[in-house]
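Taking it in order: structure first as structure tokens, then the write-up.
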Protein chains: 4
Amino acid sequence: MAGNTFGKIFTVSTFGESHGIALGGVVDGCPPGLELTEEDLQVDLDRRKPGTSRYTTARREDDEVQILSGVFEGKTTGTSIGLLIKNKDQRSQDYSNIANRFRPGHADYTYQQKYGLRDYRGGGRSSARETAIRVAAGGIAKKYLEQVHGIKIHGFLSQLGPVVIDTVDYSLINENPFFCPDASKLDALDEYMRELKKSGDSIGAKVSVVATNMPVGLGEPVFDRLDADIAGAMMGINAVKGVEVGDGFDVVTQKGSEHRDTLTPDGFTSNHSGGVLGGISTGQDLVVHMALKPTSSISVPGETIDTDGNAIEIVTKGRHDPCVGIRAVPIAEAMLALVLMDHCLRHRAQNEAVQCTTPMIPGSAK
Amino acid sequence: MAGNTFGKIFTVSTFGESHGIALGGVVDGCPPGLELTEEDLQVDLDRRKPGTSRYTTARREDDEVQILSGVFEGKTTGTSIGLLIKNKDQRSQDYSNIANRFRPGHADYTYQQKYGLRDYRGGGRSSARETAIRVAAGGIAKKYLEQVHGIKIHGFLSQLGPVVIDTVDYSLINENPFFCPDASKLDALDEYMRELKKSGDSIGAKVSVVATNMPVGLGEPVFDRLDADIAGAMMGINAVKGVEVGDGFDVVTQKGSEHRDTLTPDGFTSNHSGGVLGGISTGQDLVVHMALKPTSSISVPGETIDTDGNAIEIVTKGRHDPCVGIRAVPIAEAMLALVLMDHCLRHRAQNEAVQCTTPMIPGSAK
Amino acid sequence: MAGNTFGKIFTVSTFGESHGIALGGVVDGCPPGLELTEEDLQVDLDRRKPGTSRYTTARREDDEVQILSGVFEGKTTGTSIGLLIKNKDQRSQDYSNIANRFRPGHADYTYQQKYGLRDYRGGGRSSARETAIRVAAGGIAKKYLEQVHGIKIHGFLSQLGPVVIDTVDYSLINENPFFCPDASKLDALDEYMRELKKSGDSIGAKVSVVATNMPVGLGEPVFDRLDADIAGAMMGINAVKGVEVGDGFDVVTQKGSEHRDTLTPDGFTSNHSGGVLGGISTGQDLVVHMALKPTSSISVPGETIDTDGNAIEIVTKGRHDPCVGIRAVPIAEAMLALVLMDHCLRHRAQNEAVQCTTPMIPGSAK
Amino acid sequence: MAGNTFGKIFTVSTFGESHGIALGGVVDGCPPGLELTEEDLQVDLDRRKPGTSRYTTARREDDEVQILSGVFEGKTTGTSIGLLIKNKDQRSQDYSNIANRFRPGHADYTYQQKYGLRDYRGGGRSSARETAIRVAAGGIAKKYLEQVHGIKIHGFLSQLGPVVIDTVDYSLINENPFFCPDASKLDALDEYMRELKKSGDSIGAKVSVVATNMPVGLGEPVFDRLDADIAGAMMGINAVKGVEVGDGFDVVTQKGSEHRDTLTPDGFTSNHSGGVLGGISTGQDLVVHMALKPTSSISVPGETIDTDGNAIEIVTKGRHDPCVGIRAVPIAEAMLALVLMDHCLRHRAQNEAVQCTTPMIPGSAK
């Protein structure tokens, strides 16, 4: 049972290799009557696109999405939505040297072992290129969530190597190439990345996503809790190695009297939980963090083996992001949107009166 | 669409409230011919059971599991396996005071808002009591994984508040009430917990699970990656707020040249990845960490609201674990076993020759 | 991937063998707030129960159902509902002679070949005994459908061997042991069955199920059409070999001008479609027919092979229904209820305004 | 939860409207290493294509399928396969008159009521045009089934109105425009269809599909029985109103002594069951029949209502098949292939030794 479908009620099934003919997908379960155009989806695709700044890879992917079905006279019809992004820039020669070797830190070895063969061009299906379709599908969810429930999703870089952000101003996120919400860190980021590029190495990052104006009631215990599904979605993004909700790993040293968020008639007075209790949204801001590893495609030489098992040296050529974490911001937003959309529909399915829009107390504390 | 089923091919569907008549479940998809007895499952249920030491709650749950179907003459038949654990100790009076109030840090408020009503006795379905059935089902998976693939799963406490373990000796885990693999920390743990109990407060913890003798090839990209499914499973355990695979959040400050694990003809020379690349197991040890929040059921007074929205004071009486993280160890093991079992069958479904048992290189580095 | 779960949003997962300890199941996705007692479910279990008349088997199954969870203070809570029916009458000796032989027309051979071993006692999992849990779960769906949508489900015998019913009076169905809606056929049925019992043989039957007061809009094209899901549900009942919706196989010789149901401002003027167009309910009566084969457990001697492949003679002893079709009536009702319930929730999930309760035209023609 | 995905392990998710930009789909779960080209899939698309004879519609759909991913160097890679068929002939003007009226016998009314809006051009998503992608996906399954298991699938017309076939010669099926396996009926069919066209009316049909060289062991009781899944798949084809396995509705008047197929050391001596016992394949030929209604798009005038609820007269113009049953033959084959493929993988997932290839007795009787 292959795993190319995401979601249970609002589902996204995707296909496509890095250097194949096209990427595409089927979005099923979108409610009818939602106004939707290709431009709606292109916004985030352009944010994800490489080549937008000198800090990301210079490849031109030109992710132009087409809606092939499911929209009629500008509105969704309730039938499945076909999405297509044609691949344009397919310089296969850049990757021909990896046909018979396993890049360390990449999925070359595991794909070869699992399937017995692999499309080695640019990493094939294991390339982060496939996330373009996730971003397109997430765009549909984002529009729905905002229009119907008023939910907004804000992704941002919260740490890049040693540079840690101190403040969060959502209005800054799209004003700089780092998706950084803290103006005071832009120079430090710029300088760090320039040095890094010179060294030919790469760096890890921490990315955060916050959903504001959340309804209370989303999440399906005991297994399909909202936080469980979010953790699965985020860990399923290329390069992610850790996921936190709310205080995350800080809770290890917290006491109960410190961690529990007090309820008052005016709302919660704190948000250690990150907006989820018992796997169900509280109406507070939903706060998620994730750790992204440094890309292994670097020009620093390394050792590995070839497909015959012989030890060889490897230097990854080609154009690669020195920090893949940056471009992960719109991807993380898209995945959170897909999870929330799925859970909105799941909640509605079982619960007559959609309590999720009228919380008993305001979801105050962020 | 409610969420009481876990897994896609090897599935576990559970039911049961903390103070209801019984907990139970259906395990579907178990291969035929596996020798299975109730004793096989009781071992881990006894490890999870409260009242086994003075550090956990004094409640007597007496989790005795019955296998109601799916096993004939000592072997699984390939049909669904019914599991049942009767509830014995149902002192509802301990909880009567929470019928009309929302305990802070608990799921009372979210269940009430989501469903419009809730079984408030002992937390009802939101109580960690339901995990007993997960542990029973996980026992089936554990037995299969070890017998068929030789996979072993080791869960342990790796941090409790300020006490951090330094060494891991699997043989010690079941020899102390903390599931602690480091003999040098037992005194510190004992002392810390005694002080904590006096204060009436609770503490968070970090729990780790490692699967050894892993096959290469488990995991179904792009969404149902092995690490994604593990993250979802772990975040779906009560009180978990963060999940890491391999180096986890440490990767944020790592460079690519440092993080990538080198492949040699004799195996990997390090295991920063935690045994997963591109969402597929590498054959290295699978390394997972999780953060568990301190329980909110403490005798330290707190503020909250009642079901009419009025501010009130709350003191949780009853018998509660000062560190729920400890008892989470067998639960985390069970969830990892369920994920691995599901992925073994999923891999087999699609891949004729089950490559997952014969890695090209040994999965050396732990 | 075993197949013991039915439904996609409102799901039923079952377990249990004919002569095991108990039958049981988990019903997940039931909306909260539905009043529910064990008595609600017992009604149909008693209708399905053997031994209620001289025309069905004399076994005493005594199907007493217990609700183990998911109901609190008389109402469903939105959490999963555990169901249990203990097996009481387990005269294994009646079946000991089939341990090493394959009864013709039964699943003995296929289970043995598929799983490599089988619980041969009374057919094990392949016995129609498992349908008791379907009936219990269907009872929940029936209650919901009637209370929330006003939908009523009527199952009846429409043919037994050569005896074909001419008229349908729902009020008669539960007044005779045949579930026959035509009073003029009761004598013929009685006589036919008495002769049949003497001969030691069995007979096939045709069973119909009609849902009245149907909403328009249920069904999820292009694959999960309402009629497709109904066909799957009905063919999944033991002994069913054919399923029809509306005019069924009569359409083969119909012309388009004859078959198409005319829409008028006052409703449809006929119901050849059986209440489904394009896989979506029209609001007309939903009309389903199915053919049930004669049981193969008869006292007429037959030939078969044993588990070593040798030819042997076989005479089925024990107590068996001469027409299993009769008892299939409440099972067929239950399965239709499960399908409709699932589709009500599925429709609601995707469609904001639940149009399915206010058809544009009345669903007049039956 | 929309229903545009078929299958559980081998899945097909489709999109596309009759007069949209393109039809497409994602096939997930195909084992790696299967040789696959677009030509493999085109064969059946050409059989399904309208305009191939004077008995089917004169529209030119030119169903040219593209494989967009999942195949590398001529072999499947185990990743998801993207399929695309561009729509070429989009004469929307033929259908503009149906924008504000509901064609009787069509899904216009139910789509409008379910979703609140609809793509009325050529029936939109409810058009049988979407089955082109099913046929393409089924082609992948067909190739796999034949190459790996030797299973062959034969679809044919077994009745058209009053013309009933007497003999089945698979070699004739593709030699005439009716997919008729009985040479002696070709003249009668030709004559009947010519008269029918003149009258402007349409006619129903019966289509059969037989899988030969079947393995024993396919099917997942108790719900996902092989016959249950086949019934769902067939009833989900446009215009199908009835499905039979084996003797189908004939069993209503059969006795047990007549129906049960005798097992001998040399195989079964008859095939009343149609190759399924207890929901699991027996190794005999798998025999399925289905009834297809006459199309409602006829030039015979009829009554209906418009979208404002007013009574109006309707005459369907445009180019339509007088017997849609004929073209359903390759569609039915494709759906059977998809079901069998899914069940092969499902069986393999749970059962170590794939017993399904070595039956204990030969599956002799057809």
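Note: Cβ is positioned from N, Cα and C throughout, glycine not excepted.
Nobody curates TrEMBL annotations by hand; they come from automatic prediction.
As annotated by TrEMBL, NADP(+) binding site applies to D:Arg48, D:Arg54. Annotated FMN binding site per TrEMBL: D:Arg125, D:Ser126, D:Ser127, D:Asn238, D:Ala239, D:Gly278, D:Lys293, D:Pro294, D:Thr295, D:Ser296, D:Ser297, D:Arg319, in sequence order.
Taking the C-alpha atom of D:Arg48 (NADP(+) binding site) as reference, the shortest distance to any of the binding-site residues D:Arg125, D:Ser127, D:Lys293 belongs to D:Ser127. In the three-state DSSP scheme, D:Ala239 (FMN binding site) is classed as coil. By a Cβ separation below 8 angstroms, chain C lies close to these of the binding-site residues D:Arg48, D:Arg125, D:Ser127: D:Arg125. All protein chains shown were included, and the count of other CB atoms within 10 Å of the CB of D:Ala239 (FMN binding site) stands at 24. Listed in sequence order, D:Glu17, D:Ser18 are the same-chain residues six or more apart from D:Ser127 (FMN binding site) with CB atoms under 8 A from its CB.
Listed binding-site residues: D:Arg125, D:Ser127, D:Ala239, D:Lys293. Those with a CB under 8 Å from a CB in chain A, in sequence order: D:Arg125. Listed in sequence order, D:Gly105, D:Gly204, D:Ala239, D:Val240, D:Lys241 are the same-chain residues six or more apart from D:Lys293 (FMN binding site) with CB atoms under 8 A from its CB. By a simple count of nearby Cβ atoms, those within 10 Å, the most crowded of the binding-site residues D:Arg48, D:Arg125 is D:Arg125.
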